[in-house]
């Protein structure tokens, strides 16, 4: 409708993304939509459909915004286009609109050939569609190879009859939202016109220690049934924790939250001896999911401290792994979190000094601190092999190479993931803009403006599926080439603890 187009243009103001977007008034209904689609210029320019729609879900209120992740036609509509149009980048656009203060839902949009009410509306609602319109499926038919978006602002709600005086008031309310929608569509259009190539760093995502820890909890749930208590997050990733919680895992901060006799799992980051003793004292059945590489650091800490060394632990204060290692010999171990601390840390005997490293640190960061310590303490002794885990090293090497070629790097991982945050820092030191994202909805379209080459990796605790979602969204947004840089091939597998090992 003309009022919809006018509202969108008001939102654009002086901005002019129209060289990137096919934005035209179609009029109402499939016939007019088909006519406009037939005149659409050939090519790969983005196409966005925006306007008002009718709610099918009772959860939608007037003024709510629906960003389609799929658009399909009502199969009972006359001349309904076959198939459906999927938008894997819907979460990107939805996140942009939320940042502008809108209440946004992501889900299916269904297009029909007439206004629907009563039983017809109920039939469409039963398909799972959130909103109905009269044009989108016809406008987007034949858009293969183009970035596409569909945004509908709810006018009439699912409750009550469509034919009532309040509908006009609701339409006016929906039209007032469209200028804000135009702002988000501008960001989407600019991003869709920017990208040329995706570079995927490999290896990325789960390491052997993370896979083992997750498998421990899953096997414990299968064998013993829920609940299974886990001290701290099993690994530092919100999606993993949510998935395991849905299966019956209960995450606690300390053992005093665990009921007597309840099966308890120690997280991949390890625990101090005092925690183990508390579990023994309470007779809690325990399965230890500590990463074997962290267990190695604990053993080295005991060995160095046992021979009388002052042990300098290079790591981050408050991280669960460093807390556990410090607990092995609290009177003998000193935490060295940065180069400044390396210049001031005190030791009992400069001739009896050793160091250990948190497994998830940046390689270059740790090397700088070790060099500073060695200048002060020439007799400094290190572990027999590097403490920084193979997966951390491999992922940092891969993203260093990718970042050198990228305008922007996206690291998939949670904010409490040390190794994920280090990947961001490594990418920045290699010269790229870099951001940490928990999932695809964290990607800000404004970051993509002007970024022709985008690198993607994931921390060792981030599920591969999250990376796949980001790659699918960026590809849908217009990335024309996807290539992979492999720094190493990983084939490490850690044996499960005997308590959950298959017979």
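The first residue you see is number 1, and the count goes up from there.
Quick reminder: no glycine exception, Cβ is built from N, Cα and C everywhere.
Here is what TrEMBL says about this protein:
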- 321: active site, proton donor (ACT_SITE)
- 207, 291, 389: [4Fe-4S] cluster binding site (BINDING)
- 236, 269, 319, 417, 418, 419, 461: dimethylallyl diphosphate binding site (BINDING)
- 236, 269, 319, 417, 418, 419, 461: isopentenyl diphosphate binding site (BINDING)
- 236, 269, 319, 359, 417, 418, 419, 461: (2E)-4-hydroxy-3-methylbut-2-enyl diphosphate binding site (BINDING)
- 22-161: domain 'Nucleoside phosphorylase' (DOMAIN)
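Apart from 236, 269, 319, 359, 417, 418, 419, 461, the (2E)-4-hydroxy-3-methylbut-2-enyl diphosphate site neighbourhood in this chain, defined by C-beta within 8 angstroms of the site C-beta centre, holds 235, 320, 321, 360, 416, 420, 459, 460. Fewest other C-beta atoms within 10 Å: among the binding-site residues 359, 417, 461, that description fits 417. Helix first, then strand, then coil: DSSP counts for the domain 'Nucleoside phosphorylase' (22-161) stand at 32 helix, 40 strand, 68 coil. Between residue 321 (active site, proton donor) and residue 359 ((2E)-4-hydroxy-3-methylbut-2-enyl diphosphate binding site), the C-alpha separation comes to 8 Å. Not a single one of the binding-site residues 207, 291, 389 has a C-alpha within 10 angstroms of the C-alpha of residue 418 (dimethylallyl diphosphate binding site). Cβ atoms within 8 Å of the centroid of the Cβ atoms of 207, 291, 389 (the [4Fe-4S] cluster site) belong to the same-chain residues 208, 209, 210, 268, 292, 293, 294, 359, 360, 390, 391, 392, 460, site residues excluded.
On its own chain, residue 207 ([4Fe-4S] cluster binding site) has 389, 390, 391, 460, 490, 492 as residues at least 6 apart in sequence with a Cβ closer than 8 Å to its own Cβ.
Counting other Cβ atoms within 10 Å of each Cβ, the lowest count among the binding-site residues 236, 269, 319 belongs to 319.
Residue 269 (dimethylallyl diphosphate binding site) sits 7 Å from residue 291 ([4Fe-4S] cluster binding site), counting Cα to Cα.
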